[in-house]
């Protein structure tokens, strides 16, 4: 691989000038339709203007777009130091104008299930026209626009004549961070949100609590983090922190899906909420250890209802993730009260029925709170009759598409995570593994395929904290992002994707995202940290 | 932000963090999870010294009163820049979070405070202005008492190791809110390294590594008592070393002739930065293979490959049959011998692909003339021998990768053979063969840290031992150490540091501590804290497993 002969570096735009050669000057993830030509227009930070189209439903004062203009100005002209050149706009006779035309408001809402992210972008002499249905679509279009801008050897910026018509293949394109196994400082989360926007990922799945720690500072139950976090002051997310994450995400068109996983994965909850967890027994006596949430006490459901009520007031998204995975039954089995309850309920010795009973109650609470529940596939697997309406997240390895098929056959929506567990590193050059996923390659009706709403990259935290999060996520998560956004037929070749992704990775570095290399080679601007 | 305000306030109280150790005179201390804290929860020496004695007495340190001093009679004084710089560095490490020491009023019970660390260099030549070498004395003794702790070492190199150990004895204890000072255990030990060569290899050819990254890793190396930076500076992919004599090598062979090169000033800075930390810099200029990038700036250096009877336009290894090749090498290595002060230079010699040589008719003719038949390893030997003669004439010793030995090249007896190939049984057999032939050797095979897998793979690195092979005591004595290697195919500034640390720390302990230090669960407890210590000192060392550091990495 002679990556030292980086065409872009030697002769920018050569590929285009020669015509026909797959262009490195491309957008990641690949738009549904893109036509560009060798015709190019030079850009200058002093003569560059974003404006709302006269007919746009959105005007100045729309914070999502106002902020995006500031952000993308800096991304497009990284050496210009942000919007400092505003005053030059009027001194230049003919600024290059990016006209944004959004069909529908509002601006102050949140991206949501079903938000339309389609956009159309036309770059022609002196202007670019970006049209979209919503501001969220406009954000996607601005991202594409920013990726079209290149810098030649003399440092001059230019953009090629281009037409893009674009929309996501899947509406749910998520990324999971785990802030329980290791606490992630706010800055690490915000930076991840930035990088997500660059890859057009649109759901931040916040696996905020788990066995090892409970960093969410609850208004109603402050003891949960006080006693369950790694540290009650330094290793928590305050309400302000959470609001900041949600707002940072909103401004980038990213939904925040909070997960409060129960009844398993809750050891840390027990420290701050007495009698929530099931006391385990050794013989006839309590052993002093605790198992999953105790599903037989009314107090459990009162607590969960209160907690989820708070959670839904804090997290605006219409989805809430209720977990439900990997429940270890051994503690329940040891507890005489649980056994008595099982008998009373006629569950026999089938503890999956007890879990289903619990999850049913929790899903009902969430339904009453007007939320759609998301659960890990275990819940679906255990609960074969009278399933409530929930979205199933498929995470287990093996024939994951078999599971997708089963879930969709039952008429439930699916989020696919199995092939995208990025916390598993190495051996090394493995991004193609995440690229070569075919989420819909199962036998099923059109209706079934439509139930696959998307997929998600998971970065579990056993071996990951702020020191290594970014390079482990990026650019591998970009591979998944393209799979979830782009047309599968157009993006089926790893070989064609490689130079584009290599290029995109350098762009991420330039934007301050600590993305690791795919293979030998270099970026014009190397990572400047350590 | 309100939340930040609260956090800072708490931080101020923490400032003086705390202490307590072997004996809890005030009763037990518990952490937030309700676990009783043991002294090992605070005292995490890494790599473990040869011998530690700790008493139940603990001392305090105060940022406003503590000093490093040169002991009376020490052969080093305030003109010893290595120590003067080290004092500043270790003061920062020790008091990083307590520098302001706001609460001066709060003195602890009289007599329990260490006011100074006296550093005594005991041999007549402290080597303050010298460079560390393979035979440098790194031993030291440290005794902590009040009001003065004493660090004795024959040379500055030992003093540097001792300062690191001293800094690791200081910790913030669980009374962080109440106690206002740092505390020391009372400890005395003579400490010295098990192996003289304890190295880390970085590859700046597959990816260019900005200077900042190299320097940060030298810092981390010193925290782990490493003493050799093996700089694999050039390879097929790029030639970033700016040669005074042959500037075209980097002008045409680097990724970028200005932004992706190491200028003479850069190289000097790396060498000096390393010297300040007792670290040798051994440059590797790998030939005759791994040299594609050399060809751009040095015409006729590489062998033209042929397709049938005509040149194919591609090039192979260095052309071993031309006199111009050896003239170039003589000039080049003469420069290298003056730029890099270390007594050794690494000449590579690995993975030579013979197919290009085989295709070239001139080479074939030469093979016939020399009577090499079809044995191209003889041609390689021919090249290497001439190269070794050239390097010998510059008064340098050399290190080579094991193939050079395997191929039967005649080597001076002071050549260091670097073992890197094979599985466990194979590298052990190789170590036996190399030492059996009387050569000194160092091991890297089990420490290719560029190879990653899920979970705690530091354990495998920790378990490997360079002396685990069948051989006599005399053979074992020929093992001078080992190196952790981080090859650069998938590594650059963006992921180098967390990939290397703390996994390289496991290797560091294997190379420094006594052979009997093998308890993996004890190592885990200490390494978890050592990793947090590195994080506190600004090194983004990745976590070993679920858990937290009091001060998380904030360089995101």
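Including glycine, each Cβ sits where the backbone N, Cα and C put it.
Remember, it's a predicted structure, so these values are computed and weren't measured experimentally.
As given in TrEMBL:
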type: SIGNAL; residues: B:1-23; note: signal peptide
type: DOMAIN; residues: B:45-169; note: domain 'Beta-hexosaminidase eukaryotic type N-terminal'
type: DISULFID; residues: B:80-B:128; note: disulfide bond
type: DOMAIN; residues: B:195-514; note: domain 'Glycoside hydrolase family 20 catalytic'
type: DISULFID; residues: B:305-B:356; note: disulfide bond
type: ACT_SITE; residues: B:351; note: active site, proton donor
type: DISULFID; residues: B:532-B:549; note: disulfide bond
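Sequence features, as recorded in TrEMBL, placed on the structure.
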{"residue": "B:80", "record": "disulfide bond", "DSSP class": "coil"}
{"residue": "B:128", "record": "disulfide bond", "DSSP class": "coil"}
{"residue": "B:305", "record": "disulfide bond", "DSSP class": "strand"}
{"residue": "B:351", "record": "active site, proton donor", "DSSP class": "coil"}
{"residue": "B:356", "record": "disulfide bond", "DSSP class": "helix"}
{"residue": "B:532", "record": "disulfide bond", "DSSP class": "helix"}
{"residue": "B:549", "record": "disulfide bond", "DSSP class": "coil"}
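Secondary structure of the domain 'Beta-hexosaminidase eukaryotic type N-terminal' (B:45-169), assigned with DSSP and counted as helix (H, G, I), strand (E, B) and coil, comes to 29 helix, 29 strand, 67 coil. All chains included, 25 other C-beta atoms sit within 10 angstroms of the C-beta of residue B:549 (disulfide bond). Around residue B:128 (disulfide bond), the same-chain residues at least 6 positions away in sequence with a Cβ under 8 Å from its Cβ are B:76, B:79, B:80, B:81, B:82, B:83, B:156. The Cβ neighbour count for the residue listed as 'active site, proton donor', using a 10 Å radius over every protein chain in view, is 13. Of all the disulfide-bonded residues listed here (B:305, B:356, B:532), it is B:305 whose C-beta has the fewest other C-beta atoms within 10 angstroms. Cβ neighbour count for residue B:80 (disulfide bond) (all protein chains, 10 Å cutoff from its Cβ): 22. Between the alpha carbons (Cα) of residue B:305 (disulfide bond) and residue B:549 (disulfide bond) lies a span of roughly 55 Å.
The two recorded residues, residue B:351 (active site, proton donor) and residue B:549 (disulfide bond), have Cα atoms 42 Å apart. Distance from the CA of residue B:532 (disulfide bond) to the CA of residue B:356 (disulfide bond) is 50 Å. Across the domain 'Glycoside hydrolase family 20 catalytic' (B:195-514), the prediction's mean pLDDT works out to 96.
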